[in-house]
Amino acid sequence: MSEPTVSETRLFQPTADFASQSHLGSLEAYRALHKRSIDDPEGFWSEVASELTWMKPWDKVLDESDAPFYKWFTGGKTNITVNCIDRHVEAGNGDRVAIYWEGEPGDSRVLTYADMQKEVSRFANALKAMGIGKGDSVAVYLPMVPELAIATLACARIGAVHSVIFAGFSAESIKDRVLDASSKAVITSDGTYRRGKELLTKNIVDEGIADCECIKNVLVVQRHPEKEPFAHGWVEGRDHWYHDLAKNASDECAPEEMDAEDMLFLLYTSGSTGKPKGIMHTTGGYMVGTYLTSKLTFDLKPEKDVYWCTADVGWITGHSYIVYGPMQNGVSQVMYEGAPNYPAENRFWEIVEKYKVSIFYTAPTAIRAFMKWGDDHVTKHDLSSLRLLGTVGEPINPEAWMWYHRMIGAEKCPIVDTWWQTETGGHMLTPLPGAIATKPGSATVPFPGIDAAVLDEDGNEVERGILAIRKPWPSMLRGIYGDPERYKSTYWCKWDGKYYFPGDGAIKDEDGYFWITGRVDDVVNVSGHRIGTAELESVFVEHPAVAESAVIGVPHEIKGQGLVAFVIIRTGAEGDEDVMRKELTSMVDSKIGKFARPEKIIFSGDLPKTRSGKIMRRLLRDIAEDRPLGNISTLADPSVVEILKDKIKG
Ligand code: 6R9
């Protein structure tokens with residue numbers, strides 16, 4: 001995949017049809033709104049917040065007294081689920097569909113907003129019955145079934161902090177997260193379906209929590225028709241079938257009054273060093289940010305749109321743009337359990353046709369897979385309901401953008417390429433459809449309220465450099481759970497606390513458009529998933545035969561980036577490389593998850609190091625990509641380069 005460059009000159013103007021019906025119908029309207037939001041951020045954000053329901057209004061919009069620990073809407077009281085659900089029911093829209101759910105085997109469920117009010121309340125009461133209340137941490141390890149959205153909202157309803165763990169993570173990853181968050185309960189299912197196979201989620205949870213004394217209860221949602229004989233048994237008193245508890249639970253539950261700065265959730269993400277960090281989001285700012293970004297970026301018209309975000313709720317995209325943002329806007333959405341190529345490669349397009357999806361939001365890696373699978377899977381479906389497309393998770397290469405535009409968007413749907421992060425909570429750079437002309441591969445311009453710049457290391461504005469955000473914004477992270485120093489040093493130290501440092505490189509072109517060039521730290525983006533190279537390296541060195549390891553990211557045709565691991569075996573511990581490769585791969589599966597498997601594991605006697613002993617990762621990347629190596633005279637032992645080159649080719 002090629003890096004986005006400013007050599008791309010194609011420009012796609014909003015169509016008059018789209019512009020005339022959109023929330024922000026012109027470039028002038030965007031410019032005026034953006035200027036207003038930067039000149040008077042507090043006035044701007046308080047107007048947005050006033051569109052939502054609060055139990056008590058805030059005293060102050062932004063409190064900067066303890067920067068970078070910014071606080072928003074201080075003194076305000078609310079409950080985000082009231083804005084996601086009750087507000088719509090009270091406005092007479094209880095009959096509107098909230099979720100059209102599609103199971104992988106072909107079963108389906110439809111839940112209206114009124115149903116959601118009952119289901120979320122029932123679930124919330126079941127949690128209460130287990131002794132869970134405000135401030136308690138609850139881990140959620142569920143597949144993409146409606147209960148995933150219901151459970152997260154139920155936590156929010158009673159003020160419990162949810163920590164959703166993507167159901168592709170291994171038992172050991174569950175353990176790390178449960179212990180870090182001191183979760184009191186886990187919500188899981190007996191299993192799920194993936195590419196036709198039954199996957200037993202509770203077994204993975206049982207293994208993960210075996211040594212977690214903090215866990216008092218496990219709530220199990222039934223997904224398979226037959227009750228499973230669980231590998232680790234059923235622990236009486238700890239394990240409960242959700243459907244049993246639900247029988248006695250009332251479907252009314254008053255929302256807990258939450259302070260704007262009370263924690264809403266934790267979501268773990270990888271950084272360049274150490275263990276995954278628990279990103280903290282609080283109630284009020286996150287609520288306001290996800291509400292407005294959903295409304296404007298997707299131009300949501302709740303009376304007529306059917307929205308579909310293909311992400312998993314286990315990632316931030318699912319939190320902000322399945323659960324909280326779309327529901328606050330009262331739109332109908334599709335939720336799908338399974339794989340895009342099951343039973344066949346046309347599954348997504350079949351779903352778009354079936355539910356007449358009008359807004360479709362997916363990842364570039366998926367688009368590249370669709371391209372590879374061939375146009376026939378697309379052309380046999382009627383996709384004329386689509387009016388807007390979006391992408392998220394990684395830079396999109398112009399070729400994939402053009403295919404999406406032509407094949408899925410019929411050259412009429414605007415494409416919103418949304419740049420943002422777990423930490424930012426919501427969209428930061430994105431075209432606003434109807435207002436901003438698009439360029440294939442560019443996330444275009446800052447969202448209202450966001451002041452972005454491209455800087456060099458010293459904080460000077462440059463054309464190509466590092467992305468920086470000048471001002472705090474409501475949906476920003478409030479910190480790293482249990483580690484305030486790491487929050488400061490990771491995000492606020494690069495430019496002396498003046499700017500937020502997201503860890504991405506960027507170019508700003510002459511029109512003021514931003515082009516994300518990828519991570520500038522040791523984080524690799526594999527199919528839109530963040531993987532810290534240090535995390536993977538520490539898995540490998542746990543193997544008794546491994547002395548040292550270095551992991552790098554390399555371009556990958558479908559995944560955007562793939563991982564290559566260089567592994568040094570201890571002298572005397574050498575053995576069959578294929579056996580070793582299998583052992584190391586299964587360690588990755590069990591310590592992180594299958595999605596973090598490297599494409600290649602290369603065994604080597606040494607790694608290129610400087611005389612001071614630092615591994616030269618840039619050089620490893622050049623070797624892996626077969627690029628000219630330039631000056632290698634600073635290497636302690638230049639001969640290692642030739643050996644590695646042969647190994648890569650072999
Ligand atoms: C939402 C999400 C964040 C990292 C981010 C960047 C990359 C996300 C992107 C993009 C280029 C886009 N990223 N969206 N790069 N263009 N539209 O993905 O959050 O999982 O925390 O990843 O993903 O590198 O820093 P998260």
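Using N, Cα and C of the backbone, Cβ positions are placed for all residues, glycine too.
Any TrEMBL annotation is an automated prediction that lacks curation.
The CoA binding site annotation in TrEMBL covers Arg194, Arg195, Gly196, Lys197, Thr317, Asn341, Ser527. In three-state terms derived from DSSP, Ser527 (CoA binding site) belongs to neither a helical nor a strand segment and is classed as coil. Remark: Ser527 (CoA binding site) has Ala363, Thr365, Gly393, Glu394, Ile558, Lys559, Gly560, Phe595 as non-local neighbours, by Cβ distance under 8 Å and separation of at least 6 in sequence.
The feature ATP binding site is assigned by TrEMBL to Gly393, Glu394, Pro395, Asp417, Thr418, Trp419, Trp420, Gln421, Thr422, Asp504, Arg519, Arg530. Taking a C-beta cut-off of under 8 angstroms and a sequence separation of 6 or more, Trp420 (ATP binding site) has the following same-chain neighbours: Val392, Gly426, His427, Met428, Leu429, Thr430.
Note: His543 (Mg(2+) binding site) has non-local neighbours Met580, Glu583, Leu584, Met587, i.e. same-chain residues 6+ apart with C-beta under 8 A of its own C-beta. Annotated Mg(2+) binding site per TrEMBL: Val541, His543, Val546, in sequence order.
Annotation comment: TrEMBL describes 30-84 as domain 'Acetyl-coenzyme A synthetase N-terminal'.
The annotation domain 'AMP-dependent synthetase/ligase' is assigned in TrEMBL to 91-480.
Taken from TrEMBL, the feature domain 'AMP-binding enzyme C-terminal' applies to 535-614.
TrEMBL lists Lys614 with the feature N6-acetyllysine. DSSP assigns Lys614 (N6-acetyllysine) to coil, not to a helix or a strand. Within the same chain, no residue at least six positions away from Lys614 (N6-acetyllysine) has a Cβ under 8 Å of its Cβ.
In sequence order, Cys309, Ala311, Tyr361, Val392, Gly393 constitute the residues six or more apart from Thr317 (CoA binding site) in its chain with CB-CB distances below 8 Å. In this model, the domain 'AMP-dependent synthetase/ligase' (91-480) carries an average pLDDT of 97.
DSSP assigns Gly196 (CoA binding site) to coil, not to a helix or a strand. Among the recorded positions Arg195, Thr317, Asn341, Trp420, Val541, Lys614, the residues whose Cβ lies under 6 Å from any atom of ligand 1 are, in sequence order, Thr317, Trp420.
DSSP states for the domain 'Acetyl-coenzyme A synthetase N-terminal' (30-84), grouped as helix (H, G, I), strand (E, B) and coil, give 24 helix, 11 strand, 20 coil.
Counting only same-chain residues at least 6 apart in sequence, those with a Cβ under 8 Å from the Cβ of Asn341 (CoA binding site) are Arg195, Arg347, Ala369, Trp373. In this structure, the binding-site residues under consideration are Thr418, Thr422, and the one with the smallest number of other Cβ atoms within 10 Å of its Cβ is Thr422.
Restricting the binding-site residues Arg194, Gly196, Lys197, Thr418, Arg519 to those with a CA within 10 Å of the CA of Val546 (Mg(2+) binding site) leaves an empty set.
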